Amino acid sequence: MLETLSRQWIVSHRMEMWLLILVAYMFQRNVNSVHMPTKAVDPEAFMNISEIIQHQGYPCEEYEVATEDGYILSVNRIPRGLVQPKKTGSRPVVLLQHGLVGGASNWISNLPNNSLGFILADAGFDVWMGNSRGNAWSRKHKTLSIDQDEFWAFSYDEMARFDLPAVINFILQKTGQEKIYYVGYSQGTTMGFIAFSTMPELAQKIKMYFALAPIATVKHAKSPGTKFLLLPDMMIKGLFGKKEFLYQTRFLRQLVIYLCGQVILDQICSNIMLLLGGFNTNNMNMSRASVYAAHTLAGTSVQNILHWSQAVNSGELRAFDWGSETKNLEKCNQPTPVRYRVRDMTVPTAMWTGGQDWLSNPEDVKMLLSEVTNLIYHKNIPEWAHVDFIWGLDAPHRMYNEIIHLMQQEETNLSQGRCEAVL
């Protein structure tokens, strides 16, 4: 019994153990050499999402949304901006959905004039930000505990099938609106492609879909992370267990903040954060590095990582393969995983892609573009890597302003009975 518990503890704390060894080494260097200069740590590194919003002077609300299968999701809202805060009447609603191992903080990690969440609020929109099941802010269930394997038996399939409908319907009920705008980043776009192509009744509730660094397939992705995903399932489970993946415990967060606060480690810290998606370091506000690092790893399930492993190996956008015909029949009514058809999605879609993006690779994007039947706009930014879409210093004038223009044009068209926004 003790041996089993010891093994479980080692598996669940493996990452903290390695980082502790690294910190011990750094402390030894401090003792034996000149003290390493440190940077002032941004207080937002220690805040939750609502606290960050309030710290920047914006109003915020936080809700819990229950899904059909019992998960309880945290949803953050910026109901209005600091520009024209007394404007009365309903505002157009936008839902922002983060990427893999991310959270709602993806949209507010930069200063207000550089964060899409704040920029949209100041442009007159009612901004909602989702948190997918299993991340740092959505770790509740009506009947299951995070200590149970069953809690972690999900992937982006369930996020698309259950999380998105629950959040979208909650927002519509709360605001009294009939439709919303949907902005997805990375895995947030994957959720959108699946949900809007398989649930036409949900797709009818979307005015326009904005896909940033879109991912449907990862056949050509050249990120080091996708090479790791080529490992057999059993090896991935052996490394990370069967429950959560890359969740920042309080200890781990403090450790990451400390490491990224060392001037000598500045470049290393940024390189680690950019390793999976490609490098464009000159486009990041490195004074915010501690905020990025503290909020980047919000976690997901190991099963979600296994689903991405299947996607890398198959080169297709398919449902999770449960490993047997019997289990697949139980979960998706056929013996083999369902292949999702993006071409069945009719929502007006605008896409922004990066030429140096290692995850949303140009070759995969090329295949995706041929599948999107109602593409109203596509822009490729040659220098951009994966995180430029949420952290890029030039994101406001190269992309965010275009998103707002398309939304405002759509609002004008709707008020005048016209059909399509044009950039």
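Cβ from N, Cα, C; glycine included.
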From the candidates Asn48, Asn113, the one which Swiss-Prot records as N-linked glycosylation site: Asn48
Same-chain residues at least 6 apart in sequence whose Cβ lies under 8 Å from Asn48 (N-linked glycosylation site): Trp137
Mean of the pLDDT scores, which run from 0 to 100, over the domain 'AB hydrolase-1' (92-392): 92
Top Cα neighbour of Cys260 (disulfide bond) in the set of active-site residues Ser186, Asp357, His386: His386
For His386 (active site, charge relay system), the number of other Cβ atoms found within 10 Å of its own Cβ: 27
Ser186 (active site, nucleophile): tally of other CB atoms within 10 A of its CB: 27
Between Asp357 (active site, charge relay system) and His386 (active site, charge relay system), the C-alpha gap once rounded to whole angstrom: 5
Integer Cα-Cα distance in angstrom, Ser186 (active site, nucleophile) to His386 (active site, charge relay system): 8
